Amino acid sequence: MSPCENDPPINWKRNLIVAWLGCFLTGAAFSLVMPFLPLYVEQLGVTGHSALNMWSGIVFSITFLFSAIASPFWGGLADRKGRKLMLLRSALGMGIVMVLMGLAQNIWQFLILRALLGLLGGFVPNANALIATQVPRNKSGWALGTLSTGGVSGALLGPMAGGLLADSYGLRPVFFITASVLILCFFVTLFCIREKFQPVSKKEMLHMREVVTSLKNPKLVLSLFVTTLIIQVATGSIAPILTLYVRELAGNVSNVAFISGMIASVPGVAALLSAPRLGKLGDRIGPEKILITALIFSVLLLIPMSYVQTPLQLGILRFLLGAADGALLPAVQTLLVYNSSNQIAGRIFSYNQSFRDIGNVTGPLMGAAISANYGFRAVFLVTAGVVLFNAVYSWNSLRRRRIPQVSN
C-alpha cells in the first residue's frame with residue numbers, strides 16, 4: 001500500500017474552487033499587459049508604423065508558439081511528478097519572467113522573455129488535468145465547464161485593469177503588479193490545493209506509443225485535438241479585424257474604441273453564463289451532443305455576422321456565439337477525460353493545449369490574410385466554413401462510438 005492511500009479523501013470541490021481562482025489570477029495576469037503591448041514595444045525603441053505592427057505581432061505570437069512546443073514536456077513531467085508541482089512551477093516561473101519584462105531595455109530582451117513566458121506557462125492545462133483526475137466522471141462536464149470560466153473571467157477583467165493601471169502608474173509598473181498576482185497564485189496553490197500523487201519513475205512512464213495504445217479511441221482523441229485547434233482558429237480569425245469592422249459599421253462616431261471593446265467582451269460574458277450550465281447538461285445527455293450542437297449553432301451565427309448593418313446586430317450575434325463557445329472546449333475536455341486514463345491525463349491535456357496554442361497563432365494570421373485580400377465580411381464566411389468542416393469531421397469521429405457508462 002502506498003503512503004498516499006492512508007491519507008483522507010481529497011475534497012475535490014474545494015480543489016475546484018482553488019483551481020478556479022488560480023485560473024482566474026493567471027488569466028488576469030496574462031491579459032493585464034495586452035492593452036498596451038504595442039505601446040511598450042514602441043517604448044523599447046521600435047519606431048515606424050510597419051515595424052511597430054510587425055514587432056507587436058511577433059512578441060504576441062511567440063508566447064503561444066513556445067507554449068505549444070513546451071506543453072507536451074510539462075504534461076509528461078506532470079504525469080511523473082504530480083500536477084500540483086506543475087501548477088507551482090508555472091505560477092512562480094511566470095511571475096519571475098514578468099518582473100524581468102518590466103526591466104527589459106530593448107526589444108530583443110523583451111522578445112526572449114515573451115518566449116520564456118510561453119515555455120514556463122501551462123497553469124491552465126495542468127489545472128484541467130488535476131480536476132479531471134479528481135472529480136467523479138459523471139460530473140466532469142460541469143466541473144471542467146466551471147473551471148473554464150475562471151480563465152475567461154480573468155481575461156475579461158485583465159484588459160480593463162491593465163489599461164487603468166497603465167494610465168495611472170505607467171507601463172513598466174504593470175509588469176510588477178502582474179508578477180505580484182502570479183506570486184499570489186503560487187501561494188494560493190501551495191497552501192490550498194491538495195493532491196494525492198505517487199511519483200512515477202522515468203522507467204515506469206508510458207512512452208508515446210504506449211500512450212496511444214492505452215487510449216480507448218486514438219482517432220477520436222486526435223479529432224478532439226483538431227477540434228480544439230479549429231475552435232481557436234475561429235476565435236482568433238476575427239480578433240485582428242473586429243475594431244476595423246465595427247468602425248465600418250458605426251460610421252463617424254467618436255466612441256468607436258468603447259463600442260469595439262464592448263463587442264469584443266460580450267462573448268466572454270456569455271461564455272461565463274453558459275459554460276457551467278451546458279457542462280451540466282452534457283453530463284446528462286452526453287458531451288458529444290453538446291459539442292456538435294454548439295458547432296452547428298456557431299456556423300449559423302457566423303454567417304449572418306457577414307451581413308450585419310449595425311454594431312448592435314453584431315454585438316447580439318457575438319453574445320449568442322459566446323454562449324455556444326462556452327460549451328465547446330469543456331465538451332472537448334470532458335470527452336478527453338472519458339477516453340483516457342488518469343495515468344496520462346497530464347500529457348493528454350498538454351497535447352490539447354499545444355493544439356490550442358497553434359490555433360491562437362494561426363487564427364489571427366488567417367483572419368488578417370483574408371481581410372487584406374477579400375474584405376472584412378469574407379472573414380466571417382470563411383470562418384463559418386472552417387467550423388462547418390469541423391462539425392462534420394467531429395460528427396463523423398463521434399458517431400462510431402458510444403460514451404461509456406460513467407459512475408461515481
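Here, residue 1 is simply the first one shown, and the rest follow in order.
Using the three backbone atoms N, Cα and C, a Cβ is placed for every residue, glycine included.
Feature annotations, reproduced from Swiss-Prot:
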TRANSMEM  16-36  transmembrane segment
TRANSMEM  58-78  transmembrane segment
TRANSMEM  92-112  transmembrane segment
TRANSMEM  115-135  transmembrane segment
TRANSMEM  146-166  transmembrane segment
TRANSMEM  173-193  transmembrane segment
TRANSMEM  224-244  transmembrane segment
TRANSMEM  256-276  transmembrane segment
TRANSMEM  290-310  transmembrane segment
TRANSMEM  319-339  transmembrane segment
TRANSMEM  378-398  transmembrane segment
Legend entry - Spatial neighbours of the transmembrane segment (319-339) far in sequence, C-beta under 8 Å, 6+ residues away: 128, 132, 137, 140-141, 144-145, 147-149, 152, 215-217, 220-221, 224, 227-228, 231, 235, 266-275, 278-279, 282-283, 287-288, 290-291, 294-295, 297-298, 301-302, 305, 345, 348-349, 352, 356, 403-404, 406
Inset, instruction - Could you tell me what the rest of the chain brings near the transmembrane segment (290-310), counting residues at least six beyond its ends with Cβ under 8 Å? - result: 141, 227, 234, 249-250, 278-279, 281-282, 317-318, 320-321, 324-325, 327-328, 331-332, 335, 377-381, 383-384, 387-388, 390-391, 394-395, 398
Inset, instruction - Could you tell me what the rest of the chain brings near the transmembrane segment (58-78), counting residues at least six beyond its ends with Cβ under 8 Å? - result: 37, 41, 85-86, 89-90, 107, 110-111, 114-122, 125-126, 129, 205, 346-351, 353-355, 357-358, 360-361, 364
Legend entry - the transmembrane segment (173-193) vs the transmembrane segment (16-36): 3 or more CB pairs under 8 Å: yes
Inset, instruction - Report, as numbers and ranges, every residue of the chain located at least six residues beyond the transmembrane segment (146-166) whose Cβ falls under 8 Å of a Cβ in that stretch; write 'none' if there are none. - result: 16, 19-36, 39, 124, 127-128, 131, 173-174, 177, 261, 265, 268-269, 271-272, 275-276, 279, 326, 329-330, 333
Legend entry - Other parts of the chain folded back onto the transmembrane segment (115-135), taken as Cβ under 8 Å at six or more residues beyond its ends: 10, 12, 15-16, 19, 22-23, 26-27, 62-71, 74-75, 78, 83-84, 86-87, 89-91, 93-94, 97-98, 101, 143-144, 147, 151, 185, 193, 195, 333, 336-337, 342, 345-346, 348-350, 352-353, 357
